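Novice: What TrEMBL records for 3-181 is domain 'Formyl transferase N-terminal'. Marked as N(1)-(5-phospho-beta-D-ribosyl)glycinamide binding site by TrEMBL: Gly12, Thr13, Asn14. What TrEMBL lists as (6R)-10-formyltetrahydrofolate binding site is Lys65, Met90, Arg91, Ile92, Ile93, Asn107. What TrEMBL records for His109 is active site, proton donor. The site 'Raises pKa of active site His' annotation in TrEMBL covers Asp145.
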Amino acid sequence: MHRLAVFASGSGTNFEAIVTACERGELPAEVVLMVCDKPGARVIERARNHGVETFAFAPKEYASKADYEREIVARLDAAGVELVCLAGYMRIIGDVLLGAYGGRIINIHPSLLPAFRGAHAIEQALEYGVKVFGVTIHYVDGELDGGRIIAQRAFPYEGHDIEELEPMIHAVEYPLYVETIGKLLNAKKE
């Protein structure tokens with residue numbers, strides 16, 4: 001059984017999709033750690049409801065990014081984590097974490113990278129007037145949303161309403177992330 005960590009900053013709907021897939025046996029894995037940089041985020045409650053160990057921290061309580069990343073690495077190591085899945089984690093991964101887990105950190109992003117990088121990808125795509133939206137899963141490296149692309153899925157949308165579009169993105173994100181994690185874990189077995 002593979003051991004996953006999920007990092008999130010918000011409500012945790014992608015976390016929920018991953019942990020539920022593990023519990024149903026759809027992934028040959030278990031989520032052994034959830035890391036959150038916002039101690040009041042809803043994802044913490046979701047993790048507890050699933051019995052997943054949680055590390056919630058406030059970055060400002062650490063002297064530096066390197067300090068809190070060292071703490072994260074220690075917890076990942078202690079939990080025997082093989083793959084880190086960023087799922088709405090709104091912090092840029094730094095050198096300490098990349099040094100320890102480089103090549104084993106993946107992220108999901110709500111655009112067809114390399115277009116519309118960063119935290120406001122959906123809004124940027126709507127402003128630009130794109131007619132095809134999508135989701136990208138990629139390895140994390142030192143460049144914002146710049147790592148090697150693992151999977152992408154596109155869908156048409158000709159509207160202009162973010163409230164209408166976001167559920168469409170989620171409907172693509174959840175199964176694509178689970179499917180991609182499964183492929184990565186199965187490839188690891190071979």
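Here the Cβ of each residue, glycine as well, is placed from N, Cα and C on the backbone.
All TrEMBL annotations are machine predictions without curation.
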Novice: For each of the binding-site residues (Met90, Ile92, Ile93), count the other CB atoms lying within 10 A of its CB, then report the residue with the highest count.
Specialist: Ile93
Novice: Compute the centroid of the Cβ atoms of Gly12, Thr13, Asn14, then list the same-chain residues not in that set whose Cβ lies within 8 Å of it, in sequence order, for the N(1)-(5-phospho-beta-D-ribosyl)glycinamide site.
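Specialist: The surrounding set, listed in chain order, is Ala8, Gly10, Ser11, Phe15, Glu16, Ala17, Val43, Arg46, Ala87, Gly88.
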Novice: Within 10 Å of Asp145 (site 'Raises pKa of active site His') by C-alpha distance: pick out those among the recorded positions Gly12, Lys65, Arg91, Ile92, Asn107, His109, and say none if nothing qualifies.
Specialist: Ile92, Asn107, His109
Novice: To the nearest whole angstrom, what is the C-alpha distance linking Met90 ((6R)-10-formyltetrahydrofolate binding site) and His109 (active site, proton donor)?
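Specialist: So the Cα of His109 (active site, proton donor) lies 11 Å away from that of Met90 ((6R)-10-formyltetrahydrofolate binding site).
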Novice: Far apart in sequence but close in space: which same-chain residues, 6 or more away, have a Cβ under 8 Å from Asn107 ((6R)-10-formyltetrahydrofolate binding site)?
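Specialist: Spatial neighbours, sequence-distant, of Asn107 ((6R)-10-formyltetrahydrofolate binding site): Cys85, Leu86, Tyr89, Ile137, His138, Tyr139, Val140, Asp145, Gly147.
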Novice: By a simple count, how many Cβ atoms lie within 10 Å of the Cβ of Asn14 (N(1)-(5-phospho-beta-D-ribosyl)glycinamide binding site), its own Cβ left out?
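Specialist: If we count other Cβ atoms within 10 Å of Asn14 (N(1)-(5-phospho-beta-D-ribosyl)glycinamide binding site), we arrive at 23.
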Novice: Quiz question: given the recorded positions Lys65, Arg91, His109, which has the greatest number of C-beta atoms lying within 10 angstroms of its own C-beta?
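Specialist: Result for the most crowded candidate: His109.
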